[in-house]
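*Asks:* The structure that follows is given in the form of C-alpha coordinates.
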Amino acid sequence: MICGRRKTINPNPLLHYANNGSQFHTQKPRPNERPTPPKLRRRIPFVTEVKTVEDPEEALSLFHRYKEQGFRHYYPSYAALLYKLARSRMFEAVETILAHMKDTDMQCRESVFIALFQYYGPQKAVELFNRMPQFNCVRTIQSFNALLNVLVDNDRFDEANDVFGRSYEMGFRPNTVTFNIMTKGWLRKGEWGKACEVFDEMLQKRVQPSVVTYNSLIGFLCRKGDLDKAMALLEDMGQKGRRANEVTYALLMEGLCSVEKYDEAKKLMFDMAYHGCKPQPVNFGVLMNDLGKRGKVEEVKSLLHEMKKRRLKPDVVTFNILINYLCKEGKAVEAYKVLFEMQIGGCEPNAATYRMVVDGLCRIGDFEIGLNVLNAMLTSRHCPRSETFNCLVVGLLKSGNIDGACFVLEQMEKRKVEFDLGSWETIIKFACIEDKGVDELMTVLTSS
(Lines of atoms letter the chains of each structure in order from A and count residues from 1; the text may use other names and numbers.)
(Lines give C-alpha, C1' and ligand atoms only; values in the text may rest on other atoms or scores of the structure.)
Protein backbone atom coordinates (compact mmCIF):
# COMPACT_ATOMS: atom_id res chain seq x y z
CA MET A 1 0.00 0.00 0.00
CA ILE A 2 1.24 3.49 -0.87
CA CYS A 3 -0.20 5.64 1.89
CA GLY A 4 -1.20 3.02 4.43
CA ARG A 5 -4.62 2.47 2.86
CA ARG A 6 -6.27 -0.17 0.62
CA LYS A 7 -4.21 -2.10 -1.87
CA THR A 8 -3.89 -0.24 -5.15
CA ILE A 9 -3.86 -1.68 -8.63
CA ASN A 10 -0.72 -1.51 -10.70
CA PRO A 11 -0.91 1.22 -13.37
CA ASN A 12 -0.22 0.31 -16.96
CA PRO A 13 3.34 0.92 -18.09
CA LEU A 14 3.92 4.05 -20.11
CA LEU A 15 3.71 3.60 -23.84
CA HIS A 16 6.92 4.32 -25.65
CA TYR A 17 6.78 5.55 -29.19
CA ALA A 18 9.82 4.66 -31.30
CA ASN A 19 10.81 5.31 -34.86
CA ASN A 20 9.87 2.21 -36.83
CA GLY A 21 12.77 2.66 -39.22
CA SER A 22 10.91 4.66 -41.83
CA GLN A 23 12.75 7.71 -43.07
CA PHE A 24 11.34 11.07 -43.92
CA HIS A 25 12.68 12.55 -47.16
CA THR A 26 12.40 16.07 -48.46
CA GLN A 27 12.56 16.90 -52.12
CA LYS A 28 16.08 17.90 -53.08
CA PRO A 29 16.47 21.27 -54.77
CA ARG A 30 17.22 21.14 -58.48
CA PRO A 31 20.72 22.09 -59.65
CA ASN A 32 21.36 25.87 -59.48
CA GLU A 33 18.08 26.31 -57.63
CA ARG A 34 18.23 28.17 -54.33
CA PRO A 35 16.33 26.61 -51.43
CA THR A 36 13.34 28.63 -50.28
CA PRO A 37 14.19 30.42 -47.01
CA PRO A 38 11.86 29.72 -44.08
CA LYS A 39 9.10 32.24 -43.58
CA LEU A 40 9.65 34.60 -40.67
CA ARG A 41 6.75 35.52 -38.41
CA ARG A 42 5.65 39.05 -39.27
CA ARG A 43 6.13 41.45 -36.40
CA ILE A 44 3.09 43.41 -35.28
CA PRO A 45 4.14 47.04 -34.61
CA PHE A 46 1.76 47.60 -31.69
CA VAL A 47 2.76 44.35 -29.93
CA THR A 48 6.46 45.20 -30.32
CA GLU A 49 5.96 48.71 -28.94
CA VAL A 50 3.57 47.90 -26.09
CA LYS A 51 6.06 45.42 -24.62
CA THR A 52 8.50 48.29 -24.02
CA VAL A 53 5.91 50.46 -22.25
CA GLU A 54 5.96 50.24 -18.44
CA ASP A 55 2.95 52.43 -17.61
CA PRO A 56 -0.32 50.54 -18.25
CA GLU A 57 -2.21 53.81 -18.82
CA GLU A 58 0.28 54.68 -21.53
CA ALA A 59 -0.18 51.19 -23.01
CA LEU A 60 -3.94 51.76 -23.18
CA SER A 61 -3.45 55.17 -24.82
CA LEU A 62 -1.06 53.59 -27.32
CA PHE A 63 -3.72 50.99 -28.19
CA HIS A 64 -6.29 53.71 -28.94
CA ARG A 65 -3.74 55.85 -30.81
CA TYR A 66 -2.92 52.99 -33.17
CA LYS A 67 -6.64 52.43 -33.73
CA GLU A 68 -7.23 56.12 -34.53
CA GLN A 69 -4.41 55.96 -37.09
CA GLY A 70 -6.24 53.22 -38.96
CA PHE A 71 -4.36 50.21 -37.55
CA ARG A 72 -6.64 47.20 -37.19
CA HIS A 73 -6.04 45.30 -33.96
CA TYR A 74 -6.15 41.50 -34.06
CA TYR A 75 -5.94 38.95 -31.26
CA PRO A 76 -2.16 39.33 -30.56
CA SER A 77 -2.61 43.07 -29.90
CA TYR A 78 -5.52 42.49 -27.53
CA ALA A 79 -3.67 39.71 -25.69
CA ALA A 80 -0.51 41.83 -25.21
CA LEU A 81 -2.59 44.69 -23.81
CA LEU A 82 -4.63 42.42 -21.53
CA TYR A 83 -1.46 40.96 -19.96
CA LYS A 84 -0.13 44.47 -19.31
CA LEU A 85 -3.39 45.73 -17.76
CA ALA A 86 -3.98 42.61 -15.66
CA ARG A 87 -0.46 42.73 -14.17
CA SER A 88 -1.23 46.29 -13.04
CA ARG A 89 -4.61 45.16 -11.64
CA MET A 90 -6.53 47.52 -13.95
CA PHE A 91 -9.49 45.16 -14.05
CA GLU A 92 -12.08 47.68 -15.30
CA ALA A 93 -9.93 48.32 -18.36
CA VAL A 94 -9.46 44.54 -18.78
CA GLU A 95 -13.23 44.05 -18.78
CA THR A 96 -13.68 46.87 -21.33
CA ILE A 97 -11.17 45.24 -23.69
CA LEU A 98 -12.78 41.81 -23.18
CA ALA A 99 -16.21 43.25 -23.96
CA HIS A 100 -14.87 44.74 -27.19
CA MET A 101 -13.31 41.40 -28.15
CA LYS A 102 -16.65 39.69 -27.58
CA ASP A 103 -18.53 42.29 -29.65
CA THR A 104 -16.16 41.82 -32.59
CA ASP A 105 -16.73 38.04 -32.41
CA MET A 106 -12.98 37.49 -32.09
CA GLN A 107 -11.74 33.96 -31.39
CA CYS A 108 -9.71 34.03 -28.18
CA ARG A 109 -7.08 31.56 -27.06
CA GLU A 110 -7.40 29.71 -23.80
CA SER A 111 -3.96 30.89 -22.64
CA VAL A 112 -5.06 34.50 -22.15
CA PHE A 113 -7.87 33.43 -19.78
CA ILE A 114 -5.52 31.15 -17.84
CA ALA A 115 -3.22 34.15 -17.31
CA LEU A 116 -6.13 36.35 -16.22
CA PHE A 117 -7.21 33.77 -13.61
CA GLN A 118 -3.92 34.34 -11.77
CA TYR A 119 -4.53 38.08 -11.46
CA TYR A 120 -8.30 38.05 -10.97
CA GLY A 121 -8.45 36.00 -7.81
CA PRO A 122 -10.84 33.12 -7.08
CA GLN A 123 -14.30 34.68 -7.38
CA LYS A 124 -13.70 36.57 -10.62
CA ALA A 125 -11.71 33.62 -12.01
CA VAL A 126 -14.78 31.37 -11.60
CA GLU A 127 -16.96 33.96 -13.33
CA LEU A 128 -14.49 34.37 -16.19
CA PHE A 129 -14.17 30.59 -16.59
CA ASN A 130 -17.96 30.36 -16.99
CA ARG A 131 -17.90 33.18 -19.58
CA MET A 132 -15.11 31.73 -21.74
CA PRO A 133 -17.45 30.14 -24.34
CA GLN A 134 -18.84 33.64 -25.03
CA PHE A 135 -15.42 34.54 -26.48
CA ASN A 136 -15.35 31.67 -29.02
CA CYS A 137 -12.93 29.89 -26.73
CA VAL A 138 -13.10 26.15 -26.13
CA ARG A 139 -12.37 25.27 -22.50
CA THR A 140 -10.04 22.32 -22.03
CA ILE A 141 -8.57 20.51 -19.04
CA GLN A 142 -5.80 23.19 -19.02
CA SER A 143 -8.16 26.04 -18.07
CA PHE A 144 -10.06 23.73 -15.72
CA ASN A 145 -6.81 22.90 -13.91
CA ALA A 146 -5.80 26.57 -13.83
CA LEU A 147 -9.10 27.47 -12.15
CA LEU A 148 -8.76 24.61 -9.69
CA ASN A 149 -5.24 25.76 -8.80
CA VAL A 150 -6.35 29.37 -8.21
CA LEU A 151 -9.05 28.14 -5.81
CA VAL A 152 -6.63 25.90 -3.90
CA ASP A 153 -3.91 28.58 -3.71
CA ASN A 154 -6.40 31.12 -2.36
CA ASP A 155 -7.68 28.86 0.44
CA ARG A 156 -10.98 28.12 -1.31
CA PHE A 157 -10.51 24.38 -1.10
CA ASP A 158 -14.17 23.52 -0.48
CA GLU A 159 -15.08 25.24 -3.76
CA ALA A 160 -12.17 23.51 -5.49
CA ASN A 161 -13.35 20.13 -4.22
CA ASP A 162 -16.88 20.87 -5.46
CA VAL A 163 -15.57 21.86 -8.91
CA PHE A 164 -13.38 18.73 -8.98
CA GLY A 165 -16.41 16.56 -8.10
CA ARG A 166 -18.30 17.98 -11.10
CA SER A 167 -15.42 17.59 -13.57
CA TYR A 168 -16.96 14.73 -15.59
CA GLU A 169 -20.36 16.44 -15.57
CA MET A 170 -18.67 19.56 -17.02
CA GLY A 171 -17.00 17.50 -19.75
CA PHE A 172 -13.48 17.30 -18.33
CA ARG A 173 -11.53 14.15 -17.63
CA PRO A 174 -9.09 14.79 -14.72
CA ASN A 175 -5.46 14.21 -15.60
CA THR A 176 -2.29 13.95 -13.52
CA VAL A 177 -2.13 17.73 -13.01
CA THR A 178 -5.75 17.78 -11.77
CA PHE A 179 -5.07 15.09 -9.17
CA ASN A 180 -1.81 16.80 -8.15
CA ILE A 181 -3.68 20.04 -7.43
CA MET A 182 -6.23 18.21 -5.28
CA THR A 183 -3.45 16.33 -3.46
CA LYS A 184 -1.78 19.67 -2.72
CA GLY A 185 -5.07 21.05 -1.38
CA TRP A 186 -5.71 18.16 0.99
CA LEU A 187 -2.14 18.21 2.29
CA ARG A 188 -2.37 21.94 2.98
CA LYS A 189 -5.35 21.17 5.17
CA GLY A 190 -3.28 18.49 6.91
CA GLU A 191 -5.55 15.73 5.59
CA TRP A 192 -3.05 12.93 4.85
CA GLY A 193 -5.78 10.29 4.58
CA LYS A 194 -7.75 12.31 2.01
CA ALA A 195 -4.57 12.91 -0.02
CA CYS A 196 -4.01 9.14 -0.04
CA GLU A 197 -7.55 8.62 -1.31
CA VAL A 198 -6.80 10.98 -4.20
CA PHE A 199 -3.63 9.00 -4.94
CA ASP A 200 -5.56 5.72 -4.93
CA GLU A 201 -8.25 7.21 -7.18
CA MET A 202 -5.54 8.18 -9.68
CA LEU A 203 -4.39 4.57 -9.91
CA GLN A 204 -7.93 3.24 -10.18
CA LYS A 205 -8.63 5.59 -13.10
CA ARG A 206 -5.36 4.63 -14.80
CA VAL A 207 -3.91 8.13 -14.36
CA GLN A 208 -0.15 7.94 -13.92
CA PRO A 209 1.24 9.64 -10.79
CA SER A 210 4.11 11.96 -11.68
CA VAL A 211 7.21 12.89 -9.73
CA VAL A 212 5.24 15.98 -8.60
CA THR A 213 2.62 13.70 -7.04
CA TYR A 214 5.26 11.84 -5.04
CA ASN A 215 7.07 15.07 -4.12
CA SER A 216 3.89 16.49 -2.59
CA LEU A 217 3.43 13.39 -0.42
CA ILE A 218 7.12 13.10 0.50
CA GLY A 219 7.32 16.81 1.35
CA PHE A 220 4.34 16.52 3.69
CA LEU A 221 5.81 13.50 5.49
CA CYS A 222 9.21 15.18 5.85
CA ARG A 223 7.63 18.30 7.35
CA LYS A 224 5.82 16.06 9.83
CA GLY A 225 9.07 14.25 10.70
CA ASP A 226 7.88 10.89 9.37
CA LEU A 227 11.09 10.15 7.46
CA ASP A 228 10.68 6.37 7.43
CA LYS A 229 7.42 6.63 5.50
CA ALA A 230 8.95 9.28 3.22
CA MET A 231 11.85 6.96 2.39
CA ALA A 232 9.36 4.15 1.72
CA LEU A 233 7.62 6.37 -0.82
CA LEU A 234 10.98 7.01 -2.49
CA GLU A 235 11.39 3.25 -2.90
CA ASP A 236 7.84 2.95 -4.21
CA MET A 237 8.64 5.54 -6.89
CA GLY A 238 11.43 3.36 -8.22
CA GLN A 239 9.24 0.26 -8.20
CA LYS A 240 6.60 2.06 -10.26
CA GLY A 241 9.14 3.36 -12.78
CA ARG A 242 9.16 6.96 -11.51
CA ARG A 243 12.65 8.39 -11.12
CA ALA A 244 13.14 10.83 -8.24
CA ASN A 245 14.39 14.28 -9.22
CA GLU A 246 16.52 16.85 -7.38
CA VAL A 247 13.42 18.26 -5.65
CA THR A 248 12.55 14.82 -4.24
CA TYR A 249 16.02 14.53 -2.70
CA ALA A 250 15.96 18.16 -1.51
CA LEU A 251 12.71 17.47 0.40
CA LEU A 252 14.21 14.37 2.03
CA MET A 253 17.39 16.31 2.87
CA GLU A 254 15.32 19.09 4.48
CA GLY A 255 13.53 16.46 6.53
CA LEU A 256 16.84 15.02 7.75
CA CYS A 257 18.21 18.48 8.57
CA SER A 258 15.04 19.32 10.51
CA VAL A 259 15.78 16.43 12.89
CA GLU A 260 19.46 17.42 13.14
CA LYS A 261 20.78 14.76 10.77
CA TYR A 262 22.93 17.03 8.63
CA ASP A 263 25.57 14.37 7.92
CA GLU A 264 22.91 11.97 6.64
CA ALA A 265 21.45 14.70 4.47
CA LYS A 266 24.88 15.44 3.01
CA LYS A 267 25.47 11.74 2.34
CA LEU A 268 22.09 11.49 0.62
CA MET A 269 23.07 14.35 -1.67
CA PHE A 270 26.30 12.68 -2.72
CA ASP A 271 24.47 9.33 -3.14
CA MET A 272 21.98 10.92 -5.58
CA ALA A 273 24.28 10.46 -8.56
CA TYR A 274 24.33 6.67 -8.02
CA HIS A 275 20.56 6.71 -8.47
CA GLY A 276 20.77 8.64 -11.74
CA CYS A 277 20.12 12.12 -10.36
CA LYS A 278 22.93 14.66 -10.35
CA PRO A 279 22.93 17.10 -7.38
CA GLN A 280 21.63 20.55 -8.32
CA PRO A 281 21.80 24.00 -6.68
CA VAL A 282 18.59 23.26 -4.74
CA ASN A 283 20.31 20.34 -2.97
CA PHE A 284 23.38 22.38 -2.02
CA GLY A 285 20.99 25.13 -0.93
CA VAL A 286 19.34 22.84 1.64
CA LEU A 287 22.72 22.11 3.26
CA MET A 288 23.82 25.76 3.08
CA ASN A 289 20.60 26.92 4.71
CA ASP A 290 20.97 24.44 7.56
CA LEU A 291 24.58 25.50 8.16
CA GLY A 292 23.61 29.17 8.06
CA LYS A 293 20.88 28.66 10.67
CA ARG A 294 23.54 27.22 12.95
CA GLY A 295 25.90 30.16 12.39
CA LYS A 296 28.41 28.20 10.30
CA VAL A 297 28.83 30.82 7.56
CA GLU A 298 32.37 29.72 6.67
CA GLU A 299 31.06 26.22 5.92
CA VAL A 300 28.33 27.78 3.79
CA LYS A 301 31.06 29.47 1.74
CA SER A 302 32.91 26.14 1.47
CA LEU A 303 29.82 24.45 0.01
CA LEU A 304 29.49 27.24 -2.56
CA HIS A 305 33.13 26.62 -3.49
CA GLU A 306 32.39 22.87 -3.71
CA MET A 307 29.59 23.60 -6.19
CA LYS A 308 31.95 25.51 -8.44
CA LYS A 309 34.55 22.74 -8.23
CA ARG A 310 31.90 20.36 -9.52
CA ARG A 311 31.21 22.79 -12.39
CA LEU A 312 27.74 23.40 -11.05
CA LYS A 313 26.71 27.02 -11.55
CA PRO A 314 25.11 28.53 -8.41
CA ASP A 315 21.75 30.18 -9.04
CA VAL A 316 20.32 33.34 -7.47
CA VAL A 317 18.68 31.35 -4.63
CA THR A 318 22.03 29.79 -3.70
CA PHE A 319 23.76 33.18 -3.59
CA ASN A 320 20.85 34.65 -1.62
CA ILE A 321 21.29 32.04 1.11
CA LEU A 322 24.93 33.07 1.60
CA ILE A 323 24.10 36.79 1.39
CA ASN A 324 21.29 36.42 3.92
CA TYR A 325 23.48 34.80 6.56
CA LEU A 326 26.41 37.14 5.92
CA CYS A 327 24.11 40.11 6.55
CA LYS A 328 22.68 38.49 9.69
CA GLU A 329 26.26 38.08 10.96
CA GLY A 330 26.92 41.79 10.37
CA LYS A 331 29.13 41.07 7.32
CA ALA A 332 27.17 43.17 4.85
CA VAL A 333 30.31 44.47 3.10
CA GLU A 334 31.28 40.87 2.35
CA ALA A 335 27.72 40.26 1.16
CA TYR A 336 28.17 43.24 -1.18
CA LYS A 337 31.27 41.55 -2.62
CA VAL A 338 29.25 38.35 -3.18
CA LEU A 339 26.63 40.45 -5.01
CA PHE A 340 29.38 41.81 -7.25
CA GLU A 341 30.82 38.30 -7.75
CA MET A 342 27.48 36.82 -8.82
CA GLN A 343 26.97 39.59 -11.39
CA ILE A 344 30.45 39.03 -12.83
CA GLY A 345 29.63 35.31 -13.09
CA GLY A 346 26.48 36.05 -15.10
CA CYS A 347 23.91 35.41 -12.32
CA GLU A 348 21.32 38.18 -12.22
CA PRO A 349 20.41 39.36 -8.69
CA ASN A 350 16.70 39.51 -7.91
CA ALA A 351 14.76 41.93 -5.70
CA ALA A 352 15.47 39.84 -2.58
CA THR A 353 19.24 39.96 -3.24
CA TYR A 354 19.31 43.74 -3.41
CA ARG A 355 16.99 44.20 -0.44
CA MET A 356 19.09 41.98 1.83
CA VAL A 357 22.32 43.78 0.89
CA VAL A 358 20.88 47.32 1.21
CA ASP A 359 19.20 46.48 4.54
CA GLY A 360 22.39 44.80 5.79
CA LEU A 361 24.50 47.84 4.88
CA CYS A 362 22.01 50.16 6.61
CA ARG A 363 22.20 48.05 9.78
CA ILE A 364 25.98 48.41 9.97
CA GLY A 365 25.82 52.13 9.05
CA ASP A 366 27.54 51.89 5.65
CA PHE A 367 25.14 54.21 3.85
CA GLU A 368 27.49 55.19 1.00
CA ILE A 369 27.78 51.62 -0.31
CA GLY A 370 24.07 51.22 0.47
CA LEU A 371 23.37 54.14 -1.88
CA ASN A 372 25.43 52.46 -4.62
CA VAL A 373 23.44 49.23 -4.23
CA LEU A 374 20.18 51.21 -4.26
CA ASN A 375 21.23 52.77 -7.57
CA ALA A 376 21.92 49.33 -9.06
CA MET A 377 18.64 48.04 -7.65
CA LEU A 378 16.57 50.84 -9.19
CA THR A 379 18.40 50.46 -12.52
CA SER A 380 17.37 46.77 -12.47
CA ARG A 381 13.74 47.90 -11.93
CA HIS A 382 13.52 46.54 -8.41
CA CYS A 383 12.27 48.58 -5.47
CA PRO A 384 13.34 48.42 -1.81
CA ARG A 385 10.98 48.43 1.16
CA SER A 386 9.77 51.83 2.45
CA GLU A 387 11.73 51.20 5.69
CA THR A 388 14.92 50.88 3.64
CA PHE A 389 14.28 54.18 1.85
CA ASN A 390 13.66 55.92 5.18
CA CYS A 391 16.74 54.40 6.79
CA LEU A 392 18.94 55.46 3.87
CA VAL A 393 17.70 59.07 3.94
CA VAL A 394 18.33 59.43 7.67
CA GLY A 395 21.69 57.64 7.49
CA LEU A 396 22.94 59.72 4.55
CA LEU A 397 21.91 62.92 6.34
CA LYS A 398 23.74 61.94 9.51
CA SER A 399 26.87 61.11 7.48
CA GLY A 400 26.66 64.51 5.75
CA ASN A 401 25.67 63.31 2.26
CA ILE A 402 22.86 65.80 1.54
CA ASP A 403 22.92 65.14 -2.23
CA GLY A 404 22.54 61.41 -1.63
CA ALA A 405 19.63 61.97 0.75
CA CYS A 406 17.94 64.25 -1.81
CA PHE A 407 18.37 61.61 -4.52
CA VAL A 408 16.72 58.95 -2.33
CA LEU A 409 13.85 61.31 -1.49
CA GLU A 410 13.30 62.00 -5.19
CA GLN A 411 13.16 58.25 -5.87
CA MET A 412 10.63 57.86 -3.03
CA GLU A 413 8.47 60.57 -4.55
CA LYS A 414 8.58 58.91 -8.00
CA ARG A 415 7.39 55.63 -6.48
CA LYS A 416 4.87 57.26 -4.11
CA VAL A 417 6.67 55.82 -1.06
CA GLU A 418 5.66 57.59 2.17
CA PHE A 419 8.14 59.13 4.59
CA ASP A 420 7.54 57.87 8.13
CA LEU A 421 7.06 60.08 11.21
CA GLY A 422 10.32 59.05 12.89
CA SER A 423 12.32 60.01 9.82
CA TRP A 424 10.56 63.39 9.65
CA GLU A 425 11.57 64.08 13.24
CA THR A 426 15.21 63.21 12.46
CA ILE A 427 15.25 65.53 9.44
CA ILE A 428 13.74 68.42 11.37
CA LYS A 429 16.35 67.98 14.13
CA PHE A 430 19.06 67.82 11.48
CA ALA A 431 17.76 71.00 9.84
CA CYS A 432 17.82 72.83 13.19
CA ILE A 433 21.44 71.82 13.91
CA GLU A 434 23.09 71.80 10.47
CA ASP A 435 23.33 74.67 8.05
CA LYS A 436 24.89 73.23 4.90
CA GLY A 437 22.70 71.99 2.08
CA VAL A 438 19.49 72.20 4.14
CA ASP A 439 17.77 74.55 1.68
CA GLU A 440 18.08 71.97 -1.11
CA LEU A 441 16.84 69.22 1.19
CA MET A 442 13.82 71.18 2.38
CA THR A 443 12.97 72.06 -1.24
CA VAL A 444 12.82 68.37 -2.09
CA LEU A 445 10.74 67.59 1.00
CA THR A 446 8.20 70.35 0.50
CA SER A 447 7.73 69.51 -3.18
CA SER A 448 7.04 65.82 -2.42
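Placed from the backbone N, Cα and C atoms, the Cβ positions cover glycine too.
Quick paste of what TrEMBL says about this protein:
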type   : residues : note
REGION : 14-39    : region 'Disordered'
REPEAT : 140-174  : repeat 'PPR'
REPEAT : 175-209  : repeat 'PPR'
REPEAT : 210-244  : repeat 'PPR'
REPEAT : 245-279  : repeat 'PPR'
REPEAT : 280-314  : repeat 'PPR'
REPEAT : 315-349  : repeat 'PPR'
REPEAT : 350-384  : repeat 'PPR'
REPEAT : 385-419  : repeat 'PPR'
*Asks:* Checking distant contacts: for the repeat 'PPR' (140-174), what same-chain residues at least six beyond its ends satisfy Cβ-Cβ under 8 A?
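*Replies:* Cβ under 8 Å, 6 or more out: 110, 113-114, 117-118, 120-122, 125-126, 129, 132, 181-182, 184-186, 188-189, 205, 207.
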*Asks:* Looking at the repeat 'PPR' (350-384) alone, can you tell me the average pLDDT?
*Replies:* 94
*Asks:* Could you give the residue numbers and ranges of same-chain residues that sit at least 6 residues beyond the repeat 'PPR' (315-349) on either side and whose C-beta is under 8 angstroms from one of its C-beta atoms?
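*Replies:* Residues 281-282, 284-285, 288-289, 292, 295, 297, 300-301, 304, 307, 356-357, 359-361, 363-364, 366, 369, 373, 380.
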*Asks:* From the DSSP assignment alone, can you count helix, strand and coil residues within the repeat 'PPR' (315-349)?
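*Replies:* When I sort the residues of the repeat 'PPR' (315-349) into the three classes, I find 26 helix, 0 strand, 9 coil.
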*Asks:* Counting by DSSP, what is the helix, strand and coil composition of the repeat 'PPR' (350-384)?
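*Replies:* So the counts come to 26 helix, 0 strand, 9 coil.
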*Asks:* What is the three-state DSSP composition of the repeat 'PPR' (245-279), stated as helix, strand and coil residue counts?
*Replies:* 27 helix, 0 strand, 8 coil
